[in-house]
Every structure is written in C-alpha cells, then in structure tokens.
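Undergrad: Can you keep this structure in mind? I'll have questions shortly.
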Amino acid sequence: MSSLLKPFSVCEGPCESSGVRRGSASSAPHQQSSARRLAAAGLGSLPAHQRSYAARRNLAAAAVGGRKITHPGKAILAGGIAGGIEICITFPTEYVKTQLQLDERANPPRYRGIGDCVKLTVQDHGLRGLYRGLSSLLYGSIPKSAVRFGTFEMLSNPMRDATGRLDNTRSLLCGLGAGITEAIVIVCPMETLKVKLIHDQCSLRPRYRGFFHGVSEIIREQGVRGTYQGLTATVLKQGTNQAIRFYVMNLLRNWYKGDDPRKEMHPIVTAMFGATAGAASVFGNTPLDVVKTRMQGLEAYRYKNTVDCAFQILKQEGPQAFYKGTVPRLGRVCLDVAIVFVLYEEVVKLLNNVWKTQ
C-alpha cells in the first residue's frame with residue numbers, strides 16, 4: 001500500500017541520469033515498440049508536441065478504416081451536384097403536393113386527389129405544366145444541397161471520434177444546424193418563389209410569364225422581403241427536416257456497420273436508409289410544411305403570422321388539413337432523400353480520387 005504513495009513521473013523518450021536510464025527494465029520493449037511505430041509513421045524526428053499533433057491529424061485523416069472525414073469543400077460540391085440531379089427527377093411530385101396543399105377546403109375543392117390533379121394539369125397545360133416552377137427550385141436546389149452538406153460536415157467533423165464515427169445525438173444537432181442554415185440562406189426565398197409561381201398558375205389569368213419575370217414582379221411589388229414570407233415556418237420545417245433525416249441516416253449507418261467501421265455500404269443499402277430517413281421526416285413535420293406553404297402563397301396576407309396561420313387552418317379546416325399532400329410528399333421526399341444520399345456518397349468517392357485533402 002505504501003508503494004501507491006510514492007511519487008512517480010511519466011517520461012516520453014529516453015530519460016537518463018548519470019548514465020543510468022530511469023524506469024524498470026520491463027518498460028524497454030514497450031518504448032522500443034512505440035519508437036518503431038513513430039518511425040513507421042514518419043514522426044520519429046519531430047519534437048514531442050509536434051508528434052502528438054501530427055499523430056492526431058493522421059488518425060483523423062485516415063479514420064482508421066472507418067468513414068473518412070469529408071472535406072467541407074468536397075461536401076459543398078458533391079451536395080450541389082446531387083441536389084441538381086435529384087430535383088429534375090422528382091419535381092412533378094413536388095408540384096402535385098403543393099397544388100393539393102393550396103387547394104383549400106374553405107372554397108370548393110378543385111382536385112379530387114393526386115390522379116385528378118395530374119390529369120387536370122396535363123389537360124390544361126400539357127406535360128410541361130407538371131414542371132411549372134421547376135426553374136426556381138432548380139436554381140435553389142443546387143446551392144441548397146451544397147449548403148446543407150457543407151454545413152453538416154463542418155459541424156460534424158470536430159465531433160467525430162478517431163474512427164470517423166458520429167454518435168446519434170450529435171448527428172441530430174448537426175442536422176438541425178444544417179437545416180437552419182439552408183433555410184435562412186437558400187430555402188425560404190426559393191420556396192416562396194416556387195409557391196407563388198405554382199399558385200399563380202391556378203389563377204384564371206396568370207400574371208407571371210416565367211421565373212425571371214415572376215421574380216422581378218415580386219421584388220418590384222413587395223421588395224426583397226417578399227421572398228422571405230414564412231421564414232419562421234421555413235426555419236422550423238427545414239431544421240426539423242434535416243435533424244430527423246441525418247439522425248435516422250446516421251443511426252442506420254452505425255447499426256449496419258456495427259463494430260466494423262471498415263464495412264462498405266452498397267448504394268442500394270444507402271438508398272434504402274435514405275428513403276427511411278425521408279419517410280420519418282415527412283411524418284414528423286408535414287404540419288409545418290403545410291403552414292409554410294400557406295404563409296408563402298399568394299393569399300398569405302390573410303394570416304397575421306405563423307401561429308395565426310396554424311390556428312386558422314385548425315379552426316376552418318380541421319386537424320386533418322395539416323396532413324394535406326402527405327402522400328405525394330411522401331413519395332417525393334423518400335425518392336429525394338434516397339437519391340441525394342446515394343449521389344452524394346458516390347460523388348464524394350470520385351472527388352477523393354482527384355482531389356487530395358488532409
């Protein structure tokens with residue numbers, strides 16, 4: 001017991017006094033092994049404090065065979081490419097969802113359902129009618145996905161462990177931060193323009209001749225502030241959206257890899273996990289999406305604020321109105337998230353081959 005009270009010291013490297021090395025002889029093999037490992041890593045010639053820093057940096061970069069930490073620049077580029085391709089594939093479902101949400105019960109409903117909405121749109125405007133408002137969403141989807149993934153990687157990289165693994169709670173917080181950032185920077189003005197252009201098509205005499213004409217008219221009449229209608233609802237929607245999606249995706253990824261961070265995920269597995277994450281976000285925040293859409297429509301003047309909008313919907317249309325457009329949104333979002341996560345992962349792999357980063 002008295003030996004526990006004796007003073008002790010920890011030395012890094014050889015410690016000699018009067019030509020005699022301190023420490024027991026049994027520590028020699030361990031120190032020699034450490035020296036060999038440092039030499040193999042190319043760190044043996046560095047001072048102690050530099051060796052420590054370089055070792056941590058190499059661990060993070062190599063991620064010990066796990067999911068490598070993605071450079072934010074790669075995340076921005078890969079996210080932008082994935083977002084542009086995805087929206088071109090899924091826009092018709094977004095169009096139908098928005099039309100059904102704007103088809104208020106207070107007035108005689110124009111559409112009897114998803115099929116009827118598609119049928120009447122094609123009859124009145126042709127197949128191109130299902131892509132009305134695509135330009136506003138396309139111009140926004142590329143920077144939106146870029147901001148989303150770039151922000152997520154910037155927030156999550158310092159939180160990962162030595163194997164590159166991110167725990168579920170931190171993935172939720174990082175997803176929330178990414179969603180709030182994209183809502184303020186990109187999504188709110190983009191969604192406002194999209195909803196106004198789609199809603200304008202419902203009018204007997206549409207005012208907007210196209211994206212740029214619509215943008216110029218909206219800004220001329222309402223100023224830049226006119227493109228930020230429903231900001232609170234958008235921040236709430238996007239924040240919860242990405243928090244749920246990244247949380248579920250990270251949860252499934254960690255479950256799939258288990259104790260083997262080296263395990264590769266096939267694109268089909270990534271797509272399935274992405275679709276599951278998308279479905280979870282739909283059921284979790286469709287009411288916020290409905291309120292956001294109403295706050296950004298051409299009749300947004302009827303509502304004092306986000307809370308008043310939600311109250312009026314509940315009072316005049318009942319609680320089921322908060323889930324209008326759930327089915328088309330479910331189809332679009334599941335496909336959207338699956339495609340985006342798969343494309344993002346694959347583009348990052350390609351970038352890793354041509355863009356070397358630490």
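Note: Cβ is positioned from N, Cα and C throughout, glycine not excepted.
In case it helps, TrEMBL gives these features for our protein:
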COMPBIAS  17-36  compositional bias 'Low complexity'
REGION    14-36  region 'Disordered'
REPEAT    70-158  repeat 'Solcar'
REPEAT    169-255  repeat 'Solcar'
REPEAT    265-350  repeat 'Solcar'
Undergrad: Across the repeat 'Solcar' (169-255), what is the average pLDDT of the model, as a whole number?
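TA: Across the repeat 'Solcar' (169-255), the average pLDDT comes out at 87.
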Undergrad: Counting each residue once, how many in the repeat 'Solcar' (70-158) are helix, strand and coil under DSSP?
TA: 73 helix, 0 strand, 16 coil
